[in-house]
C-alpha cells in the first residue's frame, strides 16, 4: 500500500488542473466530452451520454510496458553493479523542488487571499496564481526536457 496524492482544481471554462504525486495533468471539457492529459503523457478522450452512465473512452500516448516474470527473474538474478547507473541531474531535481514549492505556496496564498477584497488579499491571491502557474510551467519543462538528459 502506497501513499497517494491527488488534487483537482477547477479553473473555469471547463478547464481543470490535476495535481498528483507523479506530476501535473490537465483536462478540458463539458458534460458529454472531455480531453485529459495525464502527468505521464497519456491522452484520454471520453465521450458520454449524460445521465445514462454510458461512455466511450480512448487512450493514446506513452503506454505502460509489462515485463514477463522470466524477465524479472533474469534481471534480479543478474550481477548488476549499481554504481554504474546514470546519475540524476541535480539541476532537474532542483527545478522539481522549486516547482513543487511554488505550487504549494501558490495554493496556500490563494486560500489565504481569496475571501476578502482589500488590496492585501488581492495581492496575496495574485501572488498565489503567479506561484501556481509558475510551478506548473516549471513542472512541464522538467517533464518535457529534464527526462531526456
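Quick reminder: no glycine exception, Cβ is built from N, Cα and C everywhere.
Those TrEMBL annotations? Automatic predictions, nothing curated.
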Students should find that the region 'Disordered' stretch in TrEMBL, chosen from 44-79, 80-115, is 44-79
Take the transmembrane segment (120-141) and find every residue of the same chain, 6 or more past its ends, with a Cβ under 8 Å from one of its Cβ atoms. 17, 23-24, 95-96, 98-114
